[in-house]
């Protein structure tokens, strides 16, 4: 796709493109996390537990989503000093969250040497109308989506990884399942379209035509797609992998549980062996109490996923 900087092609675990571009490098860095688990941590000790459990990366933040829900207030970028301490404590990549549209928070995170930035709806929005222009940054961005249109709009802005929005901090997987099924369902419809129908479909999605066509040709998103929002058990993680995700984010589900280290190891094993029921039985046994979840049928529960489009 000339001029788009978008890469394709998934094959044998490698992205191939004749012409290298800064965006292709970022997508390649994100693809290195495929098949892994990214864990939310609030201090160096938790980061070390995550690394020892086999996490492929950690997300450094001052409050996990469950605490953001419980405490309320404005949720902002974490203290850079705390992020630096976590970076010094582990050898795996470290991510951090910036508010949607807050490009200065992203500039600060890039300046302290963070490996990936999550432009996150879990934090309070800084701009209701504009996301960050992620092409202006050297490091890869992660963005959430509820459907194919949102995913492709974020990729056009420069997102190198897409995740389901789900409902972070609830321990309830239903919204993450809804979002990944929505994306995959639209891709199945797209694959069966004639090429001359794609223009109308792209217009319906409010997504760039070239990315819609590329998705049709690939049969999947042109960047890695992780599950996030409500993953609390090994079974949840395996479910999202069987639904076609490339990896899993786990936030409150680990360190709000009764035995974080054991649950962290179990979720990593579940992602690795997601299609092996016998292994899933083994890793699901004796984990202690899971995090207390939130019933999303309660109208009083704030929907983080609806904060942006």
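Cβ coordinates are placed from backbone N, Cα and C, and glycine is handled just like the others.
Among the candidates 113, 158, 169, the residue that Swiss-Prot names alongside 40, 230, 251, 252 for the D-ribose 5-phosphate site is 169. Of all the recorded positions listed (97, 181), 181 has the fewest other CB atoms within 10 A of its CB. Around the Cβ of residue 252 (D-ribose 5-phosphate binding site), a 10 Å sphere holds 26 further Cβ atoms from the protein chains shown.
When Cβ atoms from all protein chains are considered, those within 10 Å of residue 230 (D-ribose 5-phosphate binding site) total 29, not counting its own. Note: the CA-CA distance between residue 181 (D-glyceraldehyde 3-phosphate binding site) and residue 230 (D-ribose 5-phosphate binding site) rounds to 15 Å.
Cα spacing between residue 251 (D-ribose 5-phosphate binding site) and residue 97 (active site, schiff-base intermediate with D-ribose 5-phosphate): 12 Å, rounded to the nearest whole number.
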